Amino acid sequence: MVSLVLTDSSQLTADGFEKLPDQIMCAEVTGSVAINGHPRNLGQFRKLSRYIMQEDLLQPHITVQEAMLIAASLKLGDLLSKEKKLVVIEEILDMLRLMKARNTVTSRLSGGERKRLSIALELVNNPPVIFLDEPTTESGNPFWGETLSTPDRESNLDLPVIGSLVYCESSALNHAATEAAAKPLRGRLPDLNSDNTFLGRLPDPYGDNTILGRLTDLNSDNTILGRLPDLSCDSTIMGRLPDLNSDNTILGRLTDPYGDNTILGRLTDPYGLDDLSSYQCIALLKKLAQGGRTVICSIHTPSARMFAQFDHVYIVSSGQCVFQGQGSDMVPFLSSLGLPCPKHYNPADFVIEVSSGEYGDHTEKMVAAVDNGRCYRWSSTPSVPINIDSPSCSDDIISESSDKPDFQRADISEKIYTFDSSTWAQFRILTYRMLLQSWRNPNYLSLKVGLYVFLILIVSMLFWRMGNDGSKTLFNFGFVYTCVIVFLYVPMLPILLQFPNEVQLLKREYFNRWYSLNAYFFALTIARLPLELLLGTMYLACVYITTGQPLEVVRYLQFLIICLLTAISSESLGFAISSTLSVVNSTFVGPAMAVPLMLLAVYGLGGESTNIPLYIKPFMYMSYLRYALEGLVIATYGNNRAALICPDEEVYCHFKHPKTLLQETGMEKANIWVAITGLVVFYIIFRSIFYFLLRRRLSMKRSFAALNIVGRFVKSYFTTGHV
């Protein structure tokens with residue numbers, strides 16, 4: 001059975017629909033929730049349900065086939081061999097018409113393909129209950145500059161179009177390989193004298209064979225605008241506009257700008273799927289429901305043809321049920337209340353207008369007619385229970401329904417659903433996917449490598465050959481502190497920009513029980529290390545030599561270990577910050593938190609330690625950057641380093657002996673192993689905070705009152721924007 005929750009955009013938001021699987025109710029609501037006539041086990045029901053968000057969140061740098069294979073490996077585990085998993089994947093892709101796109105990277109899929117792939121990923125282990133939030137709405141694409149991929153994957157032809165135009169399954173784009181169709185839509189407008197362009201036929205406003213040529217005689221019966229007054233007439237254009245998704249109206253077919261038999265294509269809903277793709281999506285859900293699954297989705301004003309596909313419609317107005325039953329029975333229901341639906345009018349649009357008060361206040365009358373959803377007079381689906389005690393239900397309806405099979409007697413298995421794949425298998429698969437994602441992201445790789453190369457050049461020029469020069473010891477101390485700053489910001493800032501979006505994908509996969517949080521956490525920890533350690537080692541190997549640091553293996557290894565520990569600690573701090581904040585807030589909070597850390601790292605240097613206030617000393621070592629700075633200074637100038645070389649022109653070389661610098665900075669008692677231990681401890685602390693905050697964000701019960709108070713305070717006074 002396919003159930004539809006129909007309402008206007010103000011009644012049921014995406015957040016509200018997310019809460020529907022868990023039935024999060026306010027304190028005033030009473031009653032019980034039953035499944036097949038039995039009390040619902042919330043934990044078990046959550047494990048049975050799969051939620052497909054409105055946003056088609058997919059891993060952007062893997063192909064459809066790879067995404068399906070990873071999902072099958074995570075969800076099916078060792079239940080099936082790889083060959084059988086491939087058979088399952090092929091059947092699902094064939095059913096969802098994704099076979100032609102199986103080798104296409106997900107970031108290049110069209111809107112309809114992305115939506116179908118989101119559904120396909122959840123069908124791998126055949127879930128019994130599926131929740132979909134507006135499956136016919138495409139989100140996350142900007143209106144301008146969207147790239148539309150052609151169905152012909154071998155041509156690799158991308159057509160830049162105006163708006164977020166959705167991929168059309170018909171052959172409308174098959175001629176895109178030709179020279180004319182290969183031009184962008186806006187590129188076909190300048191030729192105003194051409195007969196084969198849309199605007200090319202507009203110069204002659206009085207021509208009989210042009211569009212605007214028929215707009216002049218407003219009183220003529222055979223002109224377009226001459227038929228506007230009669231808005232309810234069957235043969236007029238404007239009279240047929242309410243159903244903008246219909247195939248036989250002009251505006252209903254404005255999505256495909258290259259369509260051969262349409263005026264402008266099908267530009268009806270620039271942010272959603274076109275009528276054909278939407279209908280195919282709903283028809284697919286209908287097919288899935290007929291296979292024994294329960295499909296529940298929210299849709300805002302579906303087309304008439306789409307509306308007829310639903311077995312069970314639940315219409316909400318002002319928090320109350322105004323209709324419950326089959327979509328085909330809704331028009332007779334409204335007629336019985338004295339609200340006849342106009343001919344050629346979309347019933348879904350009409351009932352939304354009625355429930356919104358466009359034709360007067362009829363909400364109470366509709367609520368009373370269905371007893372606020374407790375009466376199933378207008379429902380003929382056998383899977384909907386009949387409320388015998390409802391005063392609004394007549395006896396004949398009850399008697400008719402009593403002859404139907406009793407589907408409410410089916411028991412739900414009490415099996416405790418666990419992950420079919422082990423934690424170790426999940427860890428291996430997720431690590432592979434993350435490494436594959438990083439390797440196939442050339443923009444990120446080239447940008448990060450280019451940034452390190454740029455820093456190598458700048459640092460080498462600023463501190464060229466200063467490491468062994470006793471007259472430039474203070475400048476070389478600046479080099480040491482520069483390394484601390486580099487390994488603070490470079491590892492942390494990309495996390496602040498990237499991970500908040502990654503959390504949204506994590507929520508979908510985690511709530512749909514792809515893997516455990518422990519497996520994801522350790523996979524993320526391991527997958528991030530190779531690139532970070534490799535680039536950090538490359539940077540240090542270059543600047544250590546160009547700046548003239550002591551070429552001793554022990555000192556270099558100590559310097560390297562301190563810097564790499566600083567890098568992964570900074571990265572962990574970035575994860576902890578971005579695990580609960582948006583991109584905008586993360587990029588604001590992260591650098592702001594780095595300021596006191598940098599200040600505490602150098603606080604008290606150059607003065608007597610006895611002059612530092614006692615209440616400041618504990619804060620000094622709450623900055624992991626201080627451990628990093630002390631460790632690097634000891635690695636460079638400690639351990640009885642020999643005297644430095646001073647130029648002959650220097651009359652007095654104050655820092656000829658490295659111990660002098662240690663004394664004046666107050667680091668003569670610092671220990672390299674204490675610094676390493678401190679960095680390891682901070683790394684563990686940051687990782688633990690990250691894990692705790694991430695688990696809290698993914699938890700269905702957030703009962704941390706103190707954190708909630710702090711969170712509300714931060715959002716009230718420090719929120720800088722929304723993403």
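Glycine is treated like the rest: Cβ placed from N, Cα and C.
All annotation found in TrEMBL is predicted automatically rather than curated by experts.
Now, the feature entries from TrEMBL:
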DOMAIN    30-137  domain 'ABC transporter'
DOMAIN    426-635  domain 'ABC-2 type transporter transmembrane'
TRANSMEM  444-464  transmembrane segment
TRANSMEM  476-499  transmembrane segment
TRANSMEM  519-544  transmembrane segment
TRANSMEM  556-577  transmembrane segment
TRANSMEM  583-606  transmembrane segment
TRANSMEM  618-638  transmembrane segment
TRANSMEM  672-694  transmembrane segment
Inset, instruction - Would you mind listing the long-range same-chain contacts of the transmembrane segment (583-606), meaning Cβ under 8 Å and 6+ residues beyond its ends? - result: 481, 484-485, 488-489, 492-493, 496-497, 499-501, 573-574, 577, 612, 616, 619-620, 622-626, 628-629, 664-666, 718-723
Inset, instruction - Determine the mean pLDDT over the domain 'ABC transporter' (30-137), rounding to the nearest whole number. - result: 86
Inset, instruction - Run through the domain 'ABC transporter' (30-137) and tell me, per DSSP, how many residues are helix, strand and coil. - result: 52 helix, 16 strand, 40 coil
Legend entry - the transmembrane segment (444-464) versus listed stretches 476-499, 556-577, 618-638, 672-694: most Cβ pairs under 8 Å: 476-499
Inset, instruction - Sort out the residues at least 6 away from either end of the transmembrane segment (556-577), same chain, that have Cβ-Cβ distances under 8 Å to it, and list them. - result: 483-484, 487-496, 499, 524, 528-529, 532-533, 536-537, 540, 544, 549, 586, 589-590, 593, 624-625, 628, 631-632, 634-636, 672, 675-676, 679-680, 682-683, 686-687, 689-690, 693
Inset, instruction - Go through the chain and flag residues at least 6 beyond the ends of the transmembrane segment (476-499) whose CB is under 8 A from any CB in it; none is fine as an answer. - result: 444, 448, 451-452, 455, 459, 462-463, 466-467, 469, 532, 536, 539-540, 543, 547, 563-564, 566-568, 570-571, 573-575, 577-579, 583, 586-587, 590-591, 594, 597-598, 601-602, 625, 628-629, 632-633, 636, 661, 665
